[in-house]
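Database features, via Swiss-Prot:
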REGION    33-80  region 'Disordered'
CARBOHYD  N33  N-linked glycosylation site
CARBOHYD  N39  N-linked glycosylation site
COMPBIAS  40-65  compositional bias 'Basic and acidic residues'
TRANSMEM  122-142  transmembrane segment
DOMAIN    127-417  domain 'ABC transmembrane type-1'
CARBOHYD  N162  N-linked glycosylation site
TRANSMEM  166-186  transmembrane segment
CARBOHYD  N230  N-linked glycosylation site
CARBOHYD  N241  N-linked glycosylation site
CARBOHYD  N267  N-linked glycosylation site
TRANSMEM  269-289  transmembrane segment
CARBOHYD  N295  N-linked glycosylation site
TRANSMEM  364-384  transmembrane segment
DOMAIN    472-747  domain 'ABC transporter'
BINDING   G505, P506, N507, G508, C509, G510, K511, S512  ATP binding site
CARBOHYD  N560  N-linked glycosylation site
CARBOHYD  N608  N-linked glycosylation site
CARBOHYD  N620  N-linked glycosylation site
CARBOHYD  N647  N-linked glycosylation site
COMPBIAS  794-813  compositional bias 'Polar residues'
REGION    794-853  region 'Disordered'
COMPBIAS  820-838  compositional bias 'Low complexity'
CARBOHYD  N836  N-linked glycosylation site
Amino acid sequence: MISTASAFYQKHRVNLLRSSYIILLLATLYNSNSSSSNNKTDKKDSESTVLENKKIEEGKETAVDREEDESSKEELTIVSKHSTDSEDGAIIIDKESKTNHKGGERKGKVDFLFKLLLHDKKCLILFITQAILLNIRTLLSLRVATLDGQLVSTLVRAQYANFTKILLGKWMILGIPASFINSLISYTTKLCAVTINRKVSDFLLSKYLSNHHTFYSVASAESVSEIQDNLTKDIYTFSMNSSLLLNQLLKPMLDLILCSFKLLTSNTSVMGEGTLALGLIVYASNSLLKLIQPNFTRLTMASASLESWFRSLHSNLHSSNEEIALLRGQKRELENVDYSFYRLVLFLNREIKARAIYDVATAFVIKYTWGAAGLVLCSIPIFFKNKPSEDTLQLKEPGNDMTADFITNRRLLVTASSSIGRFVELKRNIQQLRGIRLRLNKFNDLLDANKGDDEKEPRDERCIVEYDDSRIKFENIPLITPANQVLVPELSFDLKHGNHLLIIGPNGCGKSSLFRILGGLWPIRATPNKNHQSKLIMPRRTVDRDCAIFYLPQRPYMGNRSTFREQIIYPDSIEQFKERYHNDYDLGDADLIKILQLLDLEDLVTENMSLLLAQRTSKNDSQQLSTEDNQSPCAIKVRDAFSIVRNWSEELTIGVQQRLAMARMYYHKPKFAVLDECTSAVAPEMEQRMYENAQNFGISLISVCHRTSLWHFHNYLLKFDGKGGYQFGPFNPKERLCNEEKLLELNAILDQQVPLWERKLKDLTIAKESNIIRKSETNLNLFEKIEDPKTSKSNALFNANKGQRITSPTGQETSKRLPLFSQPSSSASSNLLRNNKSLNKKVKTKKEEGKER
């Protein structure tokens, strides 16, 4: 049985070993690049996160100590000042990592990135070309290894003629195609990265800016820094790593397979089995390395989030520099930036420690353990020779040179070892690529969840939406925020083209919410009342390439990298401008100048021409041109003034920006215009002209304005009370203003008189209470005198005359005057007693109330 198996093995030895090599390679590849990290590594990551939070808590407690060194003091100050942000930041990063990880586990759904790349012909051609070039380079590497063995063999035997022949005739000639192939591989790799970047960027940007609803919803759901990183840094990292992935994956596989096959056909009989044993050692050591492997996917995602947070703070500093400078908030902002950097440094320190331990173990195993095993394998034929005489004879034969075989095998084993080492490095790169892929998938899922259509407004299925270019009608439409806060349960009004609507109400009543629903930024909800039907009639965004409804916010948008012409025609492009005026710039610019003259903005054209003249003059002076080559001032045309690019948002005041935004509306001539306090920074005289010109252009105005001087431009009023109610109806500006003046006068009188009335009422109340208490005390004193026992023992009472004397019980006369009333009877005395008791209770009650006051 054993002999039969041995015979079978000897017969099929090559095929069995080759199959074993491939199976072992696939097992090693799967073990190295498995996506899930072990539980021990995750536990270590969680423990390190807890330790990091403990450090922050310790920093909070010890931040008061002023005697520590400067560096620790800065860290503790940062932590103490931002303790809340610390906890929030840690929670956000951890939750985001888990969310992204779960978001990547989209079972049954094809990854959009892979689908996108596989459907691109250029990417496929580049990948195939790269694979062919890698195969050619591997074959050239095998040939170079053989030539290295022959060169060393000729040197050992001192065959200088053969050495020169092999060096110049084979080795140098082989270097020409090898150099060309290496350069071509580098070129195709970079070209592939650019192609992937372009493809993914076009896909995500087209989806992100496909319509206003998607752009607004995603920008509200995600932070600006995250979106910027997803569209720039993440795409760049993904494209670079994806282009290198084939090189990192295919070349080691080809090297391992071809090198092992080459070793199998070596003159040494045990080299095939030794290579298999070496492969088993590699598999076992790779399994051990996996135990200390950090979770590179999680590290990549957390690092990207922290870097985005740090960059967002710097972006906020740049965008809000004036506000921060006026409030003297640079110290607080410095603490914010320092703290975010402190969080990033803490995380990077932990990441570096984890990577350092893993790199030490990897370097020792790859370079020394596998290298020693390869040396042992190569030395077996030399130290265990069965027939030394035959081997000595073989040294003389060029085809069976042991030195050449040793060098060749050693070179092949080194190549195979380095290839396996690249597999281990590939594990890290794949996990990092997976982290970036999860972030991009999360962003793509967010875009899919908020996708919309310019022609279809986001709405509830129970709500009916119709389009009429000459009418805006709300019928039982609730005003509900995205946070499900009900501002108005049901809103109904009807506005036809030619009428003008004024909207007033307190802050937070629903004015801006109405505009957001009308602009398609918020979804249209159905009324919760089942007995009512919600219906919205509104004009489309564009009608025959003309704008049907236009929005002017309080702070207009100004593009800083656009020309003066593009500022006025925004959101139209230059191509649409040329199409509108049949490629006649002079005609179009003349219309723009007429619009600017209506708003007293024609001086901007002169200012732009002056700037162009100054730029050309300074350019000519710097280049020291001759007088004939200098451009004269007349060479600057009006077209050039409209083509200048400036930092419009910073160089123009808010008032000029609002007038320029009004010029946009005049240019587009919409049927309806929503004006949300868009003239708050404009002079009253200019404001009157702006509204008057808008009505002359046939634009129906829907205005939110607090200046009563603009009320006469409207004939309908929509008033919100801030409690969910509203009033809609015709509007008489004169009557309303008259009533408003009377109301203001009445309020002024009330403001002046009511405090006086309240003060008088308070004084009267106090006087009344004091009088009651005084009378009660007087009656009580009189009653106490009547009930005095000395008085009751008197023998006789006389009439109450002022000078009358009475006789005391001792018979002596006294000059004491009697009170001016007679002796009461017993029944009258009892009645008086009862009355005084009740009065006494009332007096006590009043006293207690007075004390409480």
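Any Cβ shown, glycine's included, is placed from N, Cα and C.
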Shell list (ATP; ref centroid = CB of G505, P506, N507, G508, C509, G510, K511, S512; cutoff 8 A):
L487, S513, F720, G722
Tell me, how many other CB atoms lie within 10 A of the CB of N295 (N-linked glycosylation site), whichever protein chain they belong to?
21
Return the average pLDDT for the domain 'ABC transporter' (472-747) as a whole number.
84
Of the glycosylation sites N162, N295, N608, N647, which one has its Cα closest to the Cα of G508 (ATP binding site)?
N647
Can you name the recorded positions among N162, N295, C509, S512, N560, N608 whose CA is within 10 A of the CA of N647 (N-linked glycosylation site)?
N560
Select the most exposed residue of G505, P506, G510, where exposure means the fewest other Cβ atoms within 10 Å, treating these as the binding-site residues.
P506
For the glycosylation sites N162, N241, N560, which one has the sparsest Cβ surroundings, going by other Cβ atoms within 10 Å?
N560
Roughly how many Å separate the Cα of S512 (ATP binding site) from that of N560 (N-linked glycosylation site), to the nearest whole number?
26
Assigned element (helix, strand, coil) containing N647 (N-linked glycosylation site), judged by DSSP:
coil
In the three-state scheme derived from DSSP, which category covers G505 (ATP binding site)?
coil
Which ones are near N230 (N-linked glycosylation site): of the binding-site residues N507, C509, G510, which have a Cα within 10 Å?
none
Provide, as an integer number of angstrom, the distance between the C-alpha atoms of P506 (ATP binding site) and N560 (N-linked glycosylation site).
34
If we count other C-beta atoms within 10 Å, could you say which of the recorded positions N230, N507, N608, N647 has the fewest?
N507
